[in-house]
Amino acid sequence: MVTVVSYTARPRRLLQALLLLIAAALGVLTYALVGLGREGELPADLMTISIGAGVLIVVLQIAVMWRAPFADPVILPIGVLLNGIGIAMISSYDSAVNKFTAIHAEYAGRQELWTGVGVVLAVALMFALRDHRMLRRYTWIFAVSGAVLLLMPLVPFLTDEKYGSKIWINIAGYSFQPAELAKICIAIFFAGYLVSRRDTLALAGPKVLGIQLPRWSDFGPILGAWAFCIAILVFETDLGTALMFFGLFVAMLYVATDRLSWLVIGAVMFLPPAIFAATLLGHVRTRFTCWLDPLSRENFSSCEQIDRGLFGLANGGLLGKGPGGGRPDMVPFGHSDFIYTTLAEELGMIGAFAVLMLYMLLVQRALRAAVGISDGFGTLLAAGLGFVLALQVFVVVGGITRVIPLTGLTLPFLAAGGSSLVCNWIILALLVRMSDAARRPAARRVDADASASPRRPQEVAS
Amino acid sequence: MSELTILVLRIALVLGLWLFVVAVLLILRNDLFGTTVVNRGTKPDPRREQRPSADPAQAASLRTDPSVIATALVVTAGPLRGTTLTLGRTPVLIGRAPECTLVLDDDYASNRHARVFPQDDEWMVEDLGSTNGTLLSGTTIEGAVPFRPGAQVRIGRTEIELRRGPR
């Protein structure tokens, strides 16, 4: 005989405060060590940085205690630590470029500014969004916003073509990557759409060769969304983002339907665009060559970036050169696309693996919230957001270490780039909100439902 | 600052990163929550949640007053036999999904199999498009039908009876 037991999660707010403090301290320590390692003296703005970090963690802690008192205690500290290490590594790149080359680089300051913006937006979201299920009401609005955001770089007067990709827009002098925000919108859309269709997607439809195929009427809109994403991103020639959206799409379908057949269908759907891109698009063909054989004599010059990245990783070795001791200026885009080589060169394999562990823990917490949450929409959204983070880390680190062909994605929280950082903070706020819902004890859940959303759509009746 | 101090600080940084990871892992190790299906008869878990009702005072008075008539769902057959679920005024979802009020450990039940809800002073049972159907007193139901006290609903291998009486 079996019985069902419920465990209540403990809020652990004090532990979160402690972890936030340690995370901020480690970030500031890394920043200080970068100055000590490169110039032999503490950075001039160390005091400002410390105070800024202190203010941000106090704001985060208060916001969580006030608005999400049962939230997961480790999500925000991990975000703060990754962000802090990222700023330190970018400052290392800056100082190396300023010291060893004639170019002047100033990316760390911008990153600090964007961190502030990201944290403020995350806190605002925690206050504005009392219940993640409110997002489900706007499923189709998010679909349209995601589509518009993805289309924006194709608009002639907004576009800002850089490095062969039309994924940037330029508003009032600031470059922005709308695909980052679109990622969140599309995740919400998929979650809202799939939660109402998952039973028909999983059960109705013909069975071919032991694989349950969906009905065309269920499949159509999703296929449309997929084709839309892929088509736009091929026109914008950014395959990393296309891969990210496609992975999100397949993962969320799998979570929604619990059918392995979707992974098979996903792989089948992915092959034609991949083969097309690898054979017909010149720059993708180069990526493939550089993946398989970057160090040979004939490929060496065309694969310079990945080669330099590999030399950086080798220079770091097991223990690393210490913060401020590496030469990240030797690697093109050592502050953004190739921040991982900067990190691995300066902290070594041991430090880089610690950072990868942090990512794994963050993703695990997202998936844990997805399992614990009591509504299907929350499950799908948390799983989708967690999966996107994991996929980004895999694609970036895998590309740099030659596990897969290199594609241009950003490493969450580490890479320099305002849009990516701000969107990752928004994702973190959503995860905090959902983990709060997942861990809230049952009695309080009733109270919150009664007061927060009186006309919540009846989950049971749908 | 001397080379040695910097070296010590560098080692401290990497150690600190790993200690942070270990601290998080230790926190997560003690961080069990959610619903889980366990074998009955094993030792009762001290951390088992006492699910409080929305209003503790009202629940207490209901529990002690013998004149109050309460309606309950009683599982009479299947893996969960013996389980009782007192009905309040809110709908009850029955199925295998963890979000259900009555979570069945029954391979023949759907994730969200059936719903029991009050309507005009009587209880109704509704099939939620389950794979194997819901049977009320031996006949498969379509849509919502009244669920009278004493009637038996069969979901997969589970039989559920509606009982009315003093506590």
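Cβ from N, Cα, C; glycine included.
Residues or ranges marked as transmembrane segment in TrEMBL: A:14-34 (among others).
Tertiary neighbourhood of the transmembrane segment (A:46-66): same-chain residues 13, 16-17, 20-21, 23-24, 27-28, 31-32, 35, 76, 80, 84, 87, 112, 115-116, 119-120, 122-123, 126-127, 432, selected by CB-CB distance under 8 Å and a gap of 6+ residues from either end. Among the features that TrEMBL reports, transmembrane segment is placed at A:46-66 (among others).
Under the heading transmembrane segment, TrEMBL lists A:73-93 (among others). Residues of the same chain lying 6 or more positions beyond the ends of the transmembrane segment (A:73-93) and with a Cβ under 8 Å from any Cβ of it are 11-13, 15-16, 19-20, 22-24, 26-28, 30-31, 33-35, 37-38, 43, 49, 53, 56-57, 60, 64, 105, 107-108, 111-112, 115, 118, 323-324, 326, 328-329, 334-335, 339, 342-343, 346, 355, 358-359, 361-362, 365-366, 412-416, 421, 424-425, 428, 431-432, 435.
The transmembrane segment annotation in TrEMBL covers A:113-129 (among others).
Taken from TrEMBL, the feature transmembrane segment covers A:138-159 (among others).
Long-range contacts of the transmembrane segment (A:171-195) within the same chain: residues 135-136, 138-140, 142-143, 145-147, 149-150, 152-153, 158, 160, 162, 201, 221-222, 225, 229, 233, 238, 241, 244-245, 248-249, 252-253, 256-257, 375-377, 380-381, 384-385, 388, 410, 417-420, 422-423, 426-427, 430, each at least 6 residues beyond the stretch ends and with a Cβ under 8 Å from a Cβ of the stretch. Among the features that TrEMBL reports, transmembrane segment is placed at A:171-195 (among others).
Annotation comment: TrEMBL describes A:216-233 (among others) as transmembrane segment.
Per TrEMBL, transmembrane segment is recorded for A:239-256 (among others). Nonlocal intrachain contacts for the transmembrane segment (A:239-256), taken as residues 6+ away from its ends with a CB within less than 8 angstroms of a stretch CB, comprise 167, 179, 183, 186-187, 190-191, 194-195, 197-198, 201-202, 222, 225-226, 229-230, 233, 262-263, 266, 269-270, 273, 277, 284, 370, 376, 379-380, 383-384, 387-388, 391-392, 395, 407-409.
For the transmembrane segment (A:263-284), the list of distant contacts is 164, 211, 213, 226, 230, 234, 237, 239, 242, 246, 249-250, 253-254, 405: same-chain residues at least six beyond its ends, Cβ to Cβ under 8 Å. According to TrEMBL, the transmembrane segment annotation covers A:263-284 (among others).
Per TrEMBL, transmembrane segment is recorded for A:347-367 (among others).
Residues annotated as transmembrane segment in TrEMBL: A:379-401 (among others). Sequence-distant contacts of the transmembrane segment (A:379-401) (same chain, at least 6 residues past either end, Cβ-Cβ under 8 Å): 132, 135, 183-184, 187-188, 190-191, 194-195, 240, 243-244, 247-248, 251-252, 255-256, 306, 309, 313, 337-338, 340-341, 356, 359-360, 362-367, 369-371, 373, 407, 409-412, 415, 424, 427, 430-431, 434-435, 438.
Per TrEMBL, transmembrane segment is recorded for A:413-432 (among others). Below 8 angstroms of C-beta separation, residues 64, 68, 71-72, 75-76, 79, 82-83, 85-86, 89-90, 107-108, 110-111, 113-115, 117-119, 121-123, 125-126, 129, 132, 174, 176-178, 180-181, 183-184, 335-337, 339-340, 343, 355, 365-366, 369, 381-382, 385-386, 388-389, 396 of the same chain, each at least six residues beyond the ends of the transmembrane segment (A:413-432), sit close to that stretch.
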Other than its close neighbours in sequence, what residues sit by the transmembrane segment (A:14-34), given a CB gap under 8 Å and a spacing of at least six beyond its ends? 42-43, 46, 49-50, 53-54, 56-57, 60-61, 64, 73-74, 76-78, 80-81, 83-85, 87-89, 91-92, 95, 322-324, 346
